Amino acid sequence: MRRTWGWCPYSFLLLSLLVGLKAVPLNTGKDKEKIPQENLQGPPQNDTGLHYDRYLREVIDFLEKDQHFREKLHNTNMDDIKQGKLAKELDFVSHHVRTRLDELKRQEVNRLRMLIKAKQDQEGEMTVDHQVLLKQFEHLNHMNPHTFEVEDLDRLIKSATNDLENFDKERHEEFKRYEMMKEHERREHLKMLDEEERRKEEQHYEEMRKKHADHPKVNHPGSQDQLKEVWEEADGLDPEDFDPKTFFSLHDTNGDGFLDEQELESLFTKELEKIYDPTNEEDDMVEMEEERLRMREHVMNEVDTNRDRLVSLQEFLVATKKREFLEPDSWETLEQNQPYTEDEMREFEERLAREENDLNRKAAELQMQRNELERQQVQLNARKVELQQVNENEQITVSSHLFPVGENPPEGPLGQNQHVPAGY
């Protein structure tokens, strides 16, 4: 369930969240450097969870190899990027990169067409209008399937920005469904037990809940106490010597001057280990990742003042001077914050019941169709037997006319000194 972001200086571009543009130094020469064809292969990156992840990464990998585009990227602010101003610079990138981008787009269009065809085959539809169905994919211009143009880059930036910003919300909804399904299955299991077994199962469930809640105090994420604990236990340093600037440098693992989401999440491991142990029956590792996400979101909301999904050194140092850092409120863990209400649970179970009824109805219809086909097969078999009997009877009749009763058929094959009676 967890998504990692890789080494991502997001301040230049939400898309650079995917590729780490600051890792490669700029060529400050005035002449554009010709990019050898063999060097156009980009490095593999962590999956973002987007269905067009590979296409997105490859486009950015090749764009960052172009000196002009890279310089513009460093000098363009986030708002201008989101408004599509950076996409217009595509007209100035090198021929080698444009050629490769054209090829990438053709491959992506073919991939989408194959997905559409597979879906249509699965649903049993005979006719496919690819142009209409391609409209649902907003990350490229489907009307021009051959070349990568400014509109394609603009669409890709806007789609990735929107999809990535909504990713955490979708993860929360996915986790809520997971928890409700787990509770639904527990309740359904209880219905199948007798009174004594149900009592034992409920008692065991409550014991596991209490055991899970019985853990050491969890420090408020991003607080002085929490960071000092990391400083001491993970970094092996004296908590009395805690220094925010040094701490930042130690945990800026890619050295880009920012704490990205992955680097932040790694700071919460010690806190999560207080609550979750994969060897314990009562601890759910899916819930652990949801808790990690909650902690990271909380710190981002408190510290990331410019909302670029990165924590700069300046933002970090400012946060360490706030009261919330020095005297934080207690942190309420996931077991204290049920992700769904009883009304949501009731609606979820009602929807499951409707879906089950629909499946049962479709299964009954399929069974009726099967019974009808079997009935028709029986009729066809009976008809086949009748036809075989009629054919056999006709052959007997013909034979009786050729050779009357009491006469044996003449020896030898017909036509070899044998006479057929007149009229036959």
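Every residue, even glycine, has its Cβ placed from backbone N, Cα and C.
Range with TrEMBL annotation region 'Disordered', chosen from 65-84, 165-184, 405-424, is 405-424.
In terms of DSSP secondary structure, the region 'Disordered' (194-223) contains 19 helix, 0 strand, 11 coil. Here the domain 'EF-hand' (239-274) has, by DSSP, the following mix of helix, strand and coil residues: 23 helix, 2 strand, 11 coil.
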